[in-house]
Amino acid sequence: MEHQNLSPRPRHGISPSLGELFKRVDEFTDSGENSPAHQTLNISSISSNSRSYPFVLSFHNLTYSVKIRRKLSEPSIFRRTRTLSSPENMADSNSPGNMKILLNEISGEAREGEILAVLGASGSGKSTLIDALADRISKESLKGAISLNGEVLDSRLLKVISAYVMQDDLLFPMLTVEETLMFSAEFRLPRSLSKAKKRARVQALIDQLGLRSAAKTVIGDEGHRGVSGGERRRVSIGTDIIHDPIILFLDEPTSGLDSTSAYMVVKVLKRIAQSGSIVVMSIHQPSYRIMSLLDQLLFLSHGQTVFSGSPRSLQRFFSEFGHPIPEHENRSEFALDLIRELESSPQGTKSLVEFNKSWRRTRNDVQNDDKGEEKLRFKVSLSDAVSASVSRGKLVSGGAGSSHHETSAVQKYANPMWMEMIVISKRSILNSTRTPELFLIRLMAVLVTGIILATIYWHLDNSPKGVQERLGFFAFAMSTMFYTCAEAIPVFLMERYIFMRETAYNAYRRSSYVLAHSLISLPSLVFLSITFAATTFWAVGLAGGFGGFVFYFLAILASFWAGNSFVTFLSGIVSHVMLGFTVVVAILAYFVLFSGFFITRDRIPAYWLWFHYISLVKYPFEGVLQNEFDDPTKCFVKGVQIFDNTPLGAVPAELKIKLLKSLSGTLGMNISSSTCVTTGLDILKKEGITDISKWNCLWITIAWGFFFRILFYFTLLIGSKNKRR
């Protein structure tokens, strides 16, 4: 009965996890002055004394199909008559003939300490299977069962204990390797871990990934020279394993790499597996050296399993199938070439699929005793197994969890929201300082615009022409604030996939991202607002003194805030930079049109009046107009000035005075050359600005900014789930 003992058993052959090494380092560090000056860390003792429940990820009969979209057919006059048997004339779109099966009853398992590699030609279903195991396919579409240690794997728990490395290297190009991993550590590792320990963990990971020589090198992109492709891929892996996850999924980690770089990446994955993780990866065509590092293989063809087993059993499998692998030939290349040859034949790979099923049944009969013992071991709850793994040093971010429920045995997020906001802000500021030209270009655009406006509208007078020029100045100035915010479109679009990768497995909260980016945008907006306000206010000769300047500055700042929030929201909807610019420019043009400058509110048709009230330009435009014209004692049209902007404006001054006297007699009132005919309040009434005060206009503009930030959050919440349907 010794084999049926449910107590945790030592895991021989498994390397210690990073967490175990740090625990042992702490023991030596805390041993005090009595400890010898130089002590050796006995890794073998860690491995032999640590006890844990080994994890097994099992999947059974995974099936996934998608509906084939029917192509738009050309008009009947341009196409030949189709027969009734053609695909276009078959049954409705929900019929089986219009469904493409991407996975067809795929079964297998991945064990702790091993690498499971999924192989196959392009379109065989490799990435789809990885997505299915990583919970990147909706439960409604995926059929079958996925379990960990015999228990159904909950989506929330999987996010906490696993990591997913995408095929593309999604990294910030201007951060160094060390900075990238350090930010990942600050996201993934709990606040209870000191800064020094986090830094030590990053340094240990850099050595584990073989990145010591590139630690101080920036990641780089097309315009900046950085690390090599293989190093970049290892950094991508490092950002997701900093917290030592129990399960690691990778989608073609060797894609686009040379043979040496690909081997180095898989060698790193082998070390990660040996430290106590389950590694599941897809790979296109492994070399002979890479094959020696893999523990289990799963060959797919058109969504069906054609082989499942260890690399050593490939020779026997294909020999029994009637196609023995020649000596000195790469086993994986031979298998993939044979599968492609069968796929091009009329019968396809049906014979190989059926042979694999019978071959697997024969092997399962031989292994029944081992599986019976494994079922007994799985009687220990998954919650206890995860807790034991955490206590051993795995899953560092969940070390502080205290609940006994399996989905909350570890914390969902490693840090509180305020800590996440600090880290996101620090990273964004560092990125901005590495690319100062982006802010300088925007500053120059605002400054040049301010100088041009200041020189054109230099010291406006209080004449009727001065009134019209003031209206034109405010309309252009306020609309410029919104148009210069269009530069915010690429900011999130460049970070979109990095954000999706980091939030998919709970690196930080989406709300933390929105709040952090809202806060760090304010200093630059304040600086731009002061620059424009100081450049134009006194040069144009605007009214109100210092109090008027303060409101003018606040109106500009509110416009920048609302415009920046609006553009940020749109960047969460559109997926392409050029499309984003097109949409933003078009909508802002509509906002300007309905702002009340080109056509007053009273003249807008009733069916378009709603657009006037949702125009972002309306409220700051009306606010600054009231700030300029709300003084009832200030006169803008006196006596003979009523003839300005009319055909009588060219009449000599003496004749204007006579006309004024004649007009006074007709109206029965005395109108002299100094009589005030139009005040600022009259101008506001003429422009239809009577319903909202200037301070309410300011608050509404600020509220629009908060509204679009909230919409941006919900856009991220809905649009970043990144699951197939």
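Cβ atoms here come from the backbone N, Cα and C positions, even for glycine.
The structure displayed is predicted, hence computed values, not measured ones.
Taken straight from TrEMBL:
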type     : residues : note
DOMAIN   : 85-327   : domain 'ABC transporter'
TRANSMEM : 439-460  : transmembrane segment
TRANSMEM : 472-493  : transmembrane segment
TRANSMEM : 514-540  : transmembrane segment
TRANSMEM : 546-570  : transmembrane segment
TRANSMEM : 577-599  : transmembrane segment
TRANSMEM : 698-719  : transmembrane segment
Chain residues in Cβ proximity to the transmembrane segment (472-493) (below 8 Å; excluding those fewer than six residues from its ends, i.e. six or more beyond): 438, 441-442, 445-446, 449, 453, 457, 460, 499, 517, 521, 528, 532, 536, 540, 555-556, 559-560, 562-564, 566-568, 570-572, 574-577, 580-581, 584-585, 588, 591-592, 595, 597, 616-617, 620-621, 624-625, 628
For the transmembrane segment (698-719), distant same-chain residues with Cβ under 8 A (at least six beyond the ends): 499, 503, 510-511, 513-514, 518, 551, 554-555, 558-559, 561-562, 564-566, 568-569, 572-573, 616, 619-620, 623, 692
Contact ranking winner - 439-460, 514-540, 577-599 against the transmembrane segment (546-570), Cβ under 8 Å: 514-540
